[in-house]
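What TrEMBL records for this protein:
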- 9-167: domain 'Nitroreductase' (DOMAIN)
- R11, R12, S13, R38, H42, W136, L137, T138: FMN binding site (BINDING)
Amino acid sequence: MLYAIDLLTTRRSIKPIEMSGPGPSPAELEKILTVGARVPDHGKIVPWRFIVFEGDARTRAGEIFAKVFRAKNVTATPDQVEAEKKRFTHAPLVIAVVSRTSKHPKVPLWEQELSAGASAMNIVHAAHALGYVANWLTGWMAFDRDVLTALGLSPDEKLAGFIHIGKAERPTDDRPRPSLSDIVTRF
Ligand SMILES: Cc1cc2nc3c(=O)[nH]c(=O)nc-3n(C[C@H](O)[C@H](O)[C@H](O)COP(=O)(O)O)c2cc1C
């Protein structure tokens, strides 16, 4: 178990293809989702919800991606279609964070969308805190309405991200981080 500040200063993403099982236990998954729901939320609107993909559900999602991909890319090779099928099968767990905004007299849609981003980031951090690795991804499927409908999203819902969660197969190097002198000013 890492101290919070160590976790926050060392967390990094790992590609799903470099992840393996086992995934979080049911109790750990509940903890991760609970942390995902514990985010700033102006107006207590709850402008997000989660879809869990584990086991066979990951393959069923991949079949949706492959079907839509094939229909919209007539020149797609069998290898490309196969890769779409496998998108969710590398990590043992994928959590979709769905942004569901609604008109509110005081809370702009932008703030509601930011809350979904906070939720996704909390899920990433909770996974790391429990000893897993995570990667927040979108990809074409996150913006394709046919895919989103097949995953159960309503027309006014958007996909904030698919969080892939698993165990790291091997340690990897960190990437360069922005220099604070480039992004911080004092007023
Ligand atoms: C909303 C959102 C969508 C993202 N989608 C992708 C993606 O589709 N593909 C990708 O390679 N990285 C994507 N990323 C970036 C990764 O989540 C990750 O931040 C990146 O690989 C750098 O790793 P780090 O988290 O260790 O800084 C996305 C990040 C955000 C915030």
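Residue positions begin at 1 at the first shown residue.
The backbone N, Cα and C atoms fix where each Cβ goes, and this holds for glycine too.
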Most distant Cα pair in Å, residues R11, R12, S13, R38, H42, W136, L137, T138 binding FMN: 28
Cβ-Cβ distance under 8 Å to R11 (FMN binding site), same chain, at least six residues away: V124, H125, H128
Distant-in-sequence Cβ neighbours of T138 (FMN binding site), under 8 Å, six or more positions away: L159, G161, F162
Cβ-Cβ neighbours of W136 (FMN binding site) (radius 10 Å): 17
Binding-site residues close to ligand 1 - of R11, R38, H42, only those whose C-beta is under 6 Å away: none
All-chain count of other Cβ atoms within 10 Å of S13 (FMN binding site): 16
Reported mean pLDDT - the domain 'Nitroreductase' (9-167): 97
